[in-house]
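Database features (TrEMBL):
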DOMAIN    6-154  domain 'Lactate/malate dehydrogenase N-terminal'
BINDING   12, 13, 14, 15, 16, 17, 18, 43, 106, 113, 130, 131, 132  NAD(+) binding site
BINDING   93, 99, 132, 166  substrate binding site
DOMAIN    161-326  domain 'Lactate/malate dehydrogenase C-terminal'
ACT_SITE  191  active site, proton acceptor
Ligand SMILES: NC(=O)C1=CN([C@@H]2O[C@H](COP(=O)(O)OP(=O)(O)OC[C@H]3O[C@@H](n4cnc5c(N)ncnc54)[C@H](O)[C@@H]3O)[C@@H](O)[C@H]2O)C=CC1
Ligand SMILES: O=C([O-])CC(=O)C(=O)O
């Protein structure tokens, strides 16, 4: 007998990330090749016509796993009984803007949507915020959800997986090892240039990657800036912010959370106080996923250099939390 469909709400469905994301969800790449899905698509009233066009294309793919679609501009409808919510809809950054500039412009969206999710979605809903600044938007949504009290605020995540994947690619290129051989990478902190991609524990076929590279100057002056500023480099090159790679990262994050992962994965999750990060701050941590839940990996040694890097990205996040405190 086939499985009951899972309901996946996607906001910003008419946008460029939406266009890369929806077809892959409908083809089973996110929740499994035996898992039917119902797509619940939210966008602004002026984008409804474009959402209809995307739905026509989804129809034209005749995906066997696509069990239904809903288009709406009402968050209460979009999040009704949702198992998974992908909060993509927000204003993207354009040339010359830092992600922090989006804080107030986009923050307001997430108080409304966090509340609507908590009131309408399944109690064990899994929420991933992609719209920037995604850590603090997830923090705002989790705070709004906490007030309602039905859903688990720890299930409101920010997307650090794109940074994780970017770092993996850079390490594969530097070491000449395939991406598939690399494991135990983590990106700590904020999805911003302050993030700290940490390969001290990373291994490739039994070899420690830090020892293989053995180049502190490359780490500090090339690797970290390349990964941290990759979003801006894509905007510079494409004239638009990253979309297909962002959609791919969202699929990776949810797939691993729902179906489990053999390797460490970086997830932006509300801190439980681990590694001295204040409770509630949505921070990139090394996580493992099993049976539909995630756990922060404990006990990693933090050396002085890492401590300094983590403090910088934490400061940015606590400043963002301070800047939005009136929205909570
Ligand atoms: N966390 C990450 O790694 C990444 C995050 N992003 C962020 O993702 C977001 C979306 O990017 P794109 O798809 O390129 O933007 P886009 O401008 O192509 O699409 C955004 C869509 O969101 C819709 N929207 C705006 N406000 C909304 C609301 N209140 N409710 C529902 N829909 C709403 C717009 O009508 C539009 O259709 C941006 O904030 C961008 O900065 C982009 C890349 C990576
Ligand atoms: O840089 C941006 O504005 C889009 C983004 O988050 C990324 O590509 O990492």
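Using the three backbone atoms N, Cα and C, a Cβ is placed for every residue, glycine included.
On a predicted model such as this, the values are computed, not experimentally measured, just so you know.
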Handout entry: Residues 12, 13, 14, 15, 16, 17, 18, 43, 106, 113, 130, 131, 132 binding NAD(+) per the record - widest CA separation, whole Å
Key = 20
Handout entry: Residues that sit under 8 angstroms from residue 166 (substrate binding site) by C-beta distance, when 6+ apart in the chain
Key = 227, 230, 245
Problem - Contacting binding-site residues, sequence order - 14, 130, 166 vs ligand 1, Cβ under 6 Å - result: 14, 130
Fill in the blank from the handout: Across every protein chain in view, the count of C-beta atoms other than its own within 10 A of the C-beta of residue 12 (NAD(+) binding site) is 25
Handout entry: residue 18 (NAD(+) binding site), number of other Cβ atoms within 10 Å
Key = 26
Fill in the blank from the handout: The answer, for which of the binding-site residues 16, 106, 132 has its Cβ ringed by the most other Cβ atoms inside 10 Å, is 132
Practice task
Give the subset of the binding-site residues 16, 18, 106, 166 lying near ligand 2, defined as CB under 6 A from any of its atoms.
Solution key: none
Problem - For the domain 'Lactate/malate dehydrogenase N-terminal' (6-154), residues assigned helix / strand / coil by DSSP - result: 70 helix, 27 strand, 52 coil
Handout entry: DSSP three-state assignment for residue 191 (active site, proton acceptor)
Key = coil
Practice task
Take the domain 'Lactate/malate dehydrogenase N-terminal' (6-154) and average the pLDDT across it for me.
Solution key: 95
